[in-house]
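Single-structure report; data block below.
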Amino acid sequence: MKPRVAVTLGDPAGVGPEVVARACWDEDVLAAAELVVVGQRRFLERAAEACGLKPPSVTVLEVGSAAAVPLGGPSAAGGRLAGAFIEMATEMCQSGAAAAMATAPISKEALQAAGYPETGHTTLLGRLTGVPRPVMMLAGERLRVVLVTIHCALADVPRLLTTQAIVETAIVTDAALRELLGLARPRLAVAALNPHAGEGGMFGDEERRVIAPAVEALRAMGVEASGPHPPDTVFWRAMHDQFDVVVCMYHDQGLIPLKLLHFYDGVNVTLGLPIIRASVDHGTAYDLAGTGRASAASMKQAILWAARMAKAKARTAKGQII
Ligand SMILES: NC(=O)c1ccc[n+]([C@@H]2O[C@H](COP(=O)([O-])OP(=O)(O)OC[C@H]3O[C@@H](n4cnc5c(N)ncnc54)[C@H](O)[C@@H]3O)[C@@H](O)[C@H]2O)c1
Ligand SMILES: N[C@H](C(=O)O)[C@H](O)COP(=O)(O)O
């Protein structure tokens with residue numbers, strides 16, 4: 001049986017509805033999952049028209065008000081609807097009405113203009129499911145990265161980076177790669193923060209004070225972790241199969257290499273939640289909204305990943321080997 005995947009439309013002012021409309025016509029997607037679009041048919045139809053497609057014959061769960069949302073920029077109205085779509089998809093996953101969710105992009109600015117205190121899906125899903133530290137993983141065929149600190153100012157990173165935060169991120173990652181991706185013994189490379197891993201303390205001491213103790217603690221717990229590795233070479237090594245995932249100290253450390261390799265087909269997966277969520281790796285692309293030119297490759301991958309992880313989770317729950 002195909003897993004039912006709740007697909008949110010994202011911010012209606014961005015390219016979300018267009019990439020969802022395209023994905024709803026994709027043969028691989030339709031073969032892998034039963035789709036329920038969580039949003040509003042008017043946005044899906046507007047998007048299909050922009051893409052030169054017929055409106056997809058997919059179930060649409062109507063959520064939110066009939067407020068007008070102008071294309072091409074953040075607004076409180078768009079943020080309010082985007083938030084409502086995520087809330088509904090989460091409820092569906094929690095109640096068993098859906099096996100997983102796949103999300104189209106939202107704007108953090110619009111979400112906050114609508115009154116949400118969160119900085120994106122990851123923290124919103126954390127609140128809705130009662131998980132204090134969900135882990136953001138971005139993944140493609142060639143590279144996987146997880147982030148210890150996520151959406152914060154670069155100046156705040158050294159303060160937020162603690163041994164405990166690194167250990168918790170790595171433990172969630174280790175468990176999720178086993179359960180959802182079927183890796184028997186995930187190899188985690190923990191990146192350093194400073195150039196050349198601090199060069200013995202010449203360029204910072206976070207490696208010695210914070211990161212190395214985390215690696216030691218993880219190894220004592222049986223996690224196959226190593227590091228702190230110099231950041232300028234660790235991604236290349238992971239890409240050449242020396243590691244299964246790189247544990248990154250801050251957002252752009254991990255997302256620059258990931259998006260350079262996988263902008264079109266990368267996915268963003270939230271680890272450590274009681275529900276399954278995969279997402280596109282790109283944003284609202286307001287500059288493309290309404291043109292029909294946005295690539296749907298990442299949206300397609302997000303739905304395929306959501307379906308695959310839902311199946312793996314169901315098999316693990318039944319005690320079968322993945
Ligand atoms: N999954 C998510 O919800 C998610 C992910 C990333 C960024 N965002 C948010 O999106 C908003 C805009 O962010 P940004 O401008 O930094 O990044 P962006 O990804 O929206 O756009 C960056 C560039 O990539 C292009 N692009 C993006 N998606 C594309 C696609 N599918 N096909 C072709 N080209 C595409 C855009 O036209 C733009 O030139 C921000 O509020 C950001 O926080 C959301
Ligand atoms: N850093 C994420 C990315 O670039 O894909 C992104 O901003 C999305 O964040 P949420 O999944 O928390 O919305």
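Placement of Cβ uses the backbone N, Cα and C atoms for every residue, glycine included.
Those TrEMBL annotations? Automatic predictions, nothing curated.
Annotation source TrEMBL lists substrate binding site at HIS121, THR122, LYS259, ASN268, ARG277. Neighbour count (other Cβ atoms within 10 Å of the Cβ, all protein chains): 16 for LYS259 (substrate binding site).
Residues or ranges marked as divalent metal cation binding site in TrEMBL: HIS151, HIS196, HIS251. Using a 10 Å Cβ-Cβ cutoff, HIS196 (divalent metal cation binding site) registers 15 neighbours.
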Write down the Cα-Cα distance for HIS151 (divalent metal cation binding site) and THR122 (substrate binding site), rounded and given in Å. 10
Three-class DSSP secondary structure - HIS151 (divalent metal cation binding site): coil
Where HIS251 (divalent metal cation binding site) and HIS121 (substrate binding site) are concerned, what is their Cα separation in Å, rounded? 15
Here the Cα-Cα span from ASN268 (substrate binding site) to HIS151 (divalent metal cation binding site), rounded to a whole number of angstrom, reaches 14
Annotated binding-site residues HIS121, THR122, LYS259, ASN268, ARG277, filtered by Cβ under 6 Å to ligand 2: HIS121, THR122, ASN268
Spatial separation of LYS259 (substrate binding site) from HIS196 (divalent metal cation binding site) - C-alpha basis, Å: 23
Same chain only, sequence gap of 6 or more: which residues have a CB within under 8 Å of the CB of HIS151 (divalent metal cation binding site)? LYS108, THR119, GLY120, THR123, HIS251
